[in-house]
Each structure stands twice: as structure tokens, then as C-alpha cells.
Amino acid sequence: MGTCKEKYRYLNGFNSYHESEAVEGALPIGANSPQKPPYGLYAEKLSGTAFTAPRHENQQTWLYRILPSCGHSNFEPRESSTYNTNPENKPYEKIHHIPNQLRWDPFDLDKTVDWVHSLHLVAGAGDPTMKSGLGIYIYAAGKDMAAHEAFYSSDGDFLIVPQHGALDIQTEMGHLLVRPNEICVIPRGIKYRVTLPAGPVRGYILELYQGHFSLPELGPIGSNCLANARDFQAPVATFEEDTSTSWTILCKFAGHLFAASQTHSPFDVVAWHGLYYPYKYDLGRFNTIGSVSFDHPDPSIYTVLTAQSDRPGTAIADFVIFPPRWLVAEDTFRPPWYHRNTMSEFMGLIHGQYDAKTGGGFQPAGASLHNVMSGHGPDATTHEKASNAGLKPSKVGDGSMAFMFESCLMVGVTEWGLSKCKKVQKDYNAESWEPLKPHFKRPGKIENGAGDVREEGVEGDKAQVPHWTA
Ligand SMILES: [Fe+2]
């Protein structure tokens with residue numbers, strides 16, 4: 001994988017009110033829309049929430065640009081028979097709601113397409129026209145977007161998780177360089193152009209059709225840890241002065257592609273201020289918390305970003321990571337426990353090996369989906385190993401980064417995800433869990449009459465420290 005050194009400057013802070021000007025004095029002072037904005041710029045407001053959204057949710061940004069966004073030709077449908085990222089667009093893309101555990105082999109790189117055409121909807125729930133739910137995509141591209149093209153999604157916020165290659169993203173607010181082990185969020189409506197400075201790219205996207213991401217509450221953890229607010233990075237204003245070239249604006253609207261043309265660069269924002277902007281985050285900065293006594297807490301302690309439903313604590317989407325970390329818990333089965341969940345769990349692997357699976361079937365650039373109430377957990381080999389392992393402090397996940405998109409919604413799988421991509425492993429369950437053996441032994445020796453004596457089961461030690469104090 002080509003490495004790519006950081007080349008941009010950023011503004012630090014999550015949900016911070018930022019302001020940035022590429023030319024000193026371009027931001028009006030004390031007013032948003034003066035009769036004549038500085039330097040003859042146009043003022044344009046970009047609303048990421050309703051005007052009247054509560055103050056703690058309200059996200060608006062003022063842009064000071066050479067020309068406003070509205071000057072363009074009509075949008076016309078593009079590639080309407082082939083481009084489809086709309087979960088409701090039956091029959092082109094039938095959605096399969098199935099309870100099976102699913103696992104995918106690594107998705108292929110594709111050097112023939114650019115960012116816009118690299119998006120494959122794998123799974124999702126809800127409907128962008130109702131602003132409800134989410135979509136999960138795999139992207140794989142090998143070409144820069146054309147020199148005078150920009151893209152935006154009207155459907156939701158993109159949370160982009162690169163697995164391979166670097167994304168150089170020019171946005172209306174400025175540039176972001178996003179590499180594997182970093183993530184970025186590009187909110188609904190913000191125009192951007194993606195180039196690939198280190199060759200082909202591949203990764204995962206969660207598109208949030210409703211609301212925006214926030215940092216999880218920390219409760220008794222206190223005021224720091226997990227993803228700290230200061231580590232989120234927003235671009236600084238950068239602009240192009242181009243009012244003569246023909247530009248194509250591509251728009252994903254209800255899952256379909258549209259294009260309009262205009263004779264000015266959409267990247268002409270000289271200054272901006274507000275709360276609605278793209279940002280990136282380096283997963284290496286995540287301050288991981290875990291048990292220092294026994295058991296391990298719910299994986300919610302690994303939540304980087306969350307998008308809450310109307311019910312507090314219940315997420316439309318949680319973005320959760322499994323970073324390298326120390327396991328020190330005593331008398332504890334250290335891998336994740338066996339589990340059935342009212343939430344759906346889509347997992348991916350950026351690099352390395354995930355500690356709950358040893359069979360080799362969950363690989364970087366692959367994925368798994370454990371849908372609502374579908375049982376999952378360590379595979380038989382991992383269970384066997386972990387049940388007998390010495391419990392010295394040990395580091396897991398060294399050089400590895402797995403992640404999960406967890407949702408309270410039942411996730412349907414697209415035709416592409418289930419069959420066209422040809423990556424679904426037919427033997428996931430058979431390999432992982434069907435080999436699990438019973439270890440149950442009743443108390444007392446039992447003879448079966450044929451001379452076989454079963455071993456006596458071992459009672460839980462009620463005097464054990466530190467689990468019981470009786
Ligand atoms: Fe789970």
C-alpha cells in the first residue's frame with residue numbers, strides 16, 4: 001500500500017464552532033450577510049439541520065464564495081440503468097432480509113472506476129427519502145475523479161473507513177487527506193472531489209440517512225478517553241478562482257445519480273464559519289478503555305462515533321473499533337462472549353487479524369454481518385484456545401484494526417452484496433460454530449452400564465476471589 005504523508009493543515013475539535021479564511025479579511029465581522037460581503041464574495045448558508053433544531057444539535061455553516069451554488073444547468077439523470085445505490089429501488093436491486101450470519105471474502109480492488117462509480121451498496125435499512133436509516137457500502141476505485149467534477153450526496157452523511165490506499169479529498173471547506181487507520185465524515189450536501197495519490201483505494205462507508213454523528217456519552221468514565229474531541233480535524237479554507245471552465249456536479253439523490261453543469265468551480269469558498277463541515281480522525285488516537293479486574297465490558301466502550309435514534313442510548317449507527325489493547329482480566333474468558341443482539345452488527349477489518357476469529361476467514365477488506373438476533377461469537381478454535389489459555393496480561397490486536405457498524409435497525413442485504421459480488425462464504429457457520437462441542441458434565445460420577453464412567457463436572461467456586469465475597 002502506498003504511504004502518503006500528511007500535507008494539509010487542520011482545525012482541531014469535534015463539533016467545534018470553526019472559522020477559516022484563505023484570504024485575510026474575507027470573513028465578515030459581527031454579521032453573516034452584510035449588504036456587501038468582503039472582497040465582493042457571495043454569502044451562502046449551508047444548513048445541516050433544520051433552522052429550529054435545538055441549539056445542541058444545530059449545525060449550520062456560512063460560506064463566503066466567488067459564486068453561489070445555485071448557478072448550474074438542470075440536473076439530468078445519469079447512468080440510470082446501472083447506477084443504483086437506493087435500497088428501495090426494486091426490482092433493480094432486491095433487498096434480502098435474512099437471518100443467516102454472513103461473511104464476505106475480501107472485496108476486489110477495481111482500477112477502472114472513480115470514486116463516484118466505486119460505491120456498492122451492500123446492506124442497509126430505511127429510506128433516504130424519509131431520512132431514516134442507513135446504507136453500508138464497499139468502495140473500490142483506481143481512478144481520480146475527472147479534473148472538473150464534484151460529487152455530493154443528498155441522501156446522508158458519509159462515514160468513510162479506508163482499508164487500502166489514500167483519499168485526497170477536496171471539499172468546499174478545504175482539503176482532507178484520509179489514509180487507512182483514519183476515517184472521515186462528509187456531511188450531506190457538501191461537494192467534494194476524490195483523487196488517489198497512492199494508487200487504488202478500497203474501504204467501507206456508512207451513509208447515515210438521518211441525523212449526524214456525535215461523540216458517545218462517557219458517563220462514569222469522565223471527561224476524557226475513547227475518541228477525544230481535540231483529535232477530530234476539519235479542513236482550512238482553500239479556494240480555486242475559476243469562473244470559466246465547465247464543471248460537472250454529480251449528485252446522489254434518493255440513491256440515483258444526477259449531473260448538472262456549471263461554468264464555475266464549486267471549490268470557490270474563500271472563507272467559512274460554522275458547525276457543519278467535513279472532518280477526519282486518526283483511529284490510532286483512540287484511548288481504549290477495558291476491564292482491569294474480570295469480565296469484559298460491552299463493546300460499546302469502543303465506540304468512536306454514534307448517531308442516536310430518538311431513543312437515548314439506542315443508535316441508528318454506532319461506529320465501533322477494536323484497536324490493539326491489553327487484556328489483563330483474571331479468570332475471564334477473554335474473547336467476546338457468545339451473543340445474540342437486538343441490534344445488527346456489520347464488521348470489517350482494516351488490517352491485521354481480529355482476535356475473536358482464528359480460522360482465517362475474516363480478512364482485511366472482508367466483512368461479516370450478524371443481523372438482529374442472529375447468534376455469533378468466537379469460533380470453535382478460538383473458544384478452545386481461550387478456555388485453556390494462561391491468563392497473563394497479553395496484548396491483542398497488535399497491528400490490527402477491526403471495526404463494527406452497529407445499528408438498532410434490521411439490515412437487509414442487496415443483490416450485489418448477496419450474490420453479484422461473489423464474496424459470500426457459504427460455509428461461515430459450518431466453519432465457525434457448528435464444530436463447537438458440548439463440555440457439560442453433571443455433578444457426580446455416572447455409569448452408563450456399559451462400563452463407561454463419565455467424569456464429574458466441576459462446581460463453580462463460590463469462594464473464589466474476586467468474583468464472590470460470600
Ligand atoms: Fe455481538
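Just so it is clear, glycine is given a Cβ too, placed from its N, Cα and C backbone atoms.
What TrEMBL annotates here:
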DOMAIN    9-283  domain 'Homogentisate 1,2-dioxygenase N-terminal'
DOMAIN    285-440  domain 'Homogentisate 1,2-dioxygenase C-terminal'
BINDING   His339, Glu345, His376  Fe cation binding site
REGION    439-470  region 'Disordered'
COMPBIAS  452-464  compositional bias 'Basic and acidic residues'
Checklist outcome for this item: CB contacts under 8 angstroms to Glu345 (Fe cation binding site), restricted to the same chain and 6+ apart in sequence, sorted by sequence, are Ser368, Leu369, His370, Asn371, His376, Met404, Phe405, Glu406
Checklist outcome for this item: Taking the centre of the Cβ atoms of His339, Glu345, His376 as the Fe cation site, the remaining residues of that chain with Cβ inside 8 Å are Pro336, Arg340, Asn341, His370, Ser374, Gly375, Gly377
Checklist entry - Taking the binding-site residues one at a time (His339, His376), which has its Cβ surrounded by the most other Cβ atoms within 10 Å? => result His376
Item to check | Arithmetic mean of per-residue pLDDT over the domain 'Homogentisate 1,2-dioxygenase C-terminal' (285-440) | outcome: 94
Item to check | Secondary structure of His339 (Fe cation binding site) (DSSP, helix/strand/coil) | outcome: strand
